[in-house]
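Participant: Handing you this structure, nothing more for now.
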Amino acid sequence: YPQFDPDNTGYISTEKFRSLLQRHGSELDPHKLEVLLALADSNSEGRICYQDFVNLMSNKRSNSFRQAILQGNRRLCSKALLEETGLSLTQRLIRHVAYETLPREIDRKWYYDSYTCCPPPWFMITITIVAFFLYNGVVLDRFVLQVTHPLYLKNSLLYHPQLRAQAWRYLTYIFMHAGIEHLGLNVILQLLVGVPLEMVHGAARISFVYIAGVVAGSLAVSVADMTAPVVGSSGGVYALVSAHLANIVMNWSGMKCQFKLLRMAVALICMSFEFGRAVWLRFHPSAYPPCPHPSFMAHLGGVVVGITLGVIILRNYEQRLQDQSLWWIFISIYLIFVLFAIFWNIFAYNLLDLKLPPPP
């Protein structure tokens, strides 16, 4: 390295950089070589930053490196990842996930080249297994609690308006479901949409969207449907699905997933069916009056989180959230809503003198 940068500036000329690529290009991964050539061709200052080269070789992409590639010539996108042949089953799966979730070819190639399946998408799988099967199946000795079951209200997990001071219920209500069809649809959507999104965007981002949707769902019920309990993970699931669908719509021309229109239609039909069922159940005569059936407002809370926070989080692959102004706007709005809902729960129930159902 000192022979190419004798003054120790951290840069080498693009001419020397190209000569190194020509000499050692056969030793590099083809995708990384392609990005390096695009980086050399895009640089208008006639020099390459050594740190950018290190970032690429270590599968770390800085903002400056990302911008250099985005402003480079089109050679990086000259051959689509979809045209690659001779891939193994695992490689084809990773490529499929890239085309399902990322709108730009440069991001798809970068993800395909850098993804190592370590760590695996543990959050969505764990929350599905633990929340839906282990607890309901082992602890309660049944896989789902129907709303007509005698133990429906007699557990410490669901949100109940009389027990709203027990703060954990705003989150743990996702462990219970109002019927096997409610459980089944949420599990299917959660795995089909959540796992690929977590593979691309990581557990931190996806878990944040999911949990934000869950909390927003229960708080929305406590504000807009104050006399009803809540069960089910629809708030988190709808946050993920609506964020993904909104991302597809916003980047329609760049999304190359197969049958995207049909898939969107199927997802919307499933979500509409489940939401319609929740609305019908809410206003259906309760099996245990005077306590009503679960509220459907958690679904709407999840959708709102998905098309605001979720879209911002999923919009730019690997871009730091703190660099996005819209991120700060929507996170501020979300926090304001949470604070408003907290004060609402503390004061509004007494001021409105509501007739709440008796505690279970």
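Cβ coordinates are placed from backbone N, Cα and C, and glycine is handled just like the others.
The active site, nucleophile feature in TrEMBL is assigned to Ser234. Feature annotation from TrEMBL assigns active site to His299. Look at TrEMBL and you will find 1-27 tagged as domain 'EF-hand'. Residues annotated as transmembrane segment in TrEMBL: 122-145, 206-224, 230-249, 261-283, 295-314, 326-347.
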Participant: Among the active-site residues Ser234, His299, which residue has the largest number of other Cβ atoms within 10 Å of its own Cβ?
Facilitator: Ser234
Participant: With a Cβ cut-off under 8 Å, give me the same-chain residues at least six positions beyond the ends of the transmembrane segment (261-283) that come close to it.
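Facilitator: Distant Cβ neighbours of the transmembrane segment (261-283) are 147, 178, 181-182, 185-186, 188-189, 193, 225, 228, 234, 238, 241, 245, 248-249, 292-296, 299.
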Participant: What is the interatomic distance between the Cα atoms of Ser234 (active site, nucleophile) and His299 (active site), given in whole Å?
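Facilitator: About 6 Å separates the two Cα atoms.
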Participant: If you average pLDDT over the domain 'EF-hand' (1-27), what do you get?
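Facilitator: Computed over the domain 'EF-hand' (1-27), the mean pLDDT is 73 on the 0 to 100 scale.
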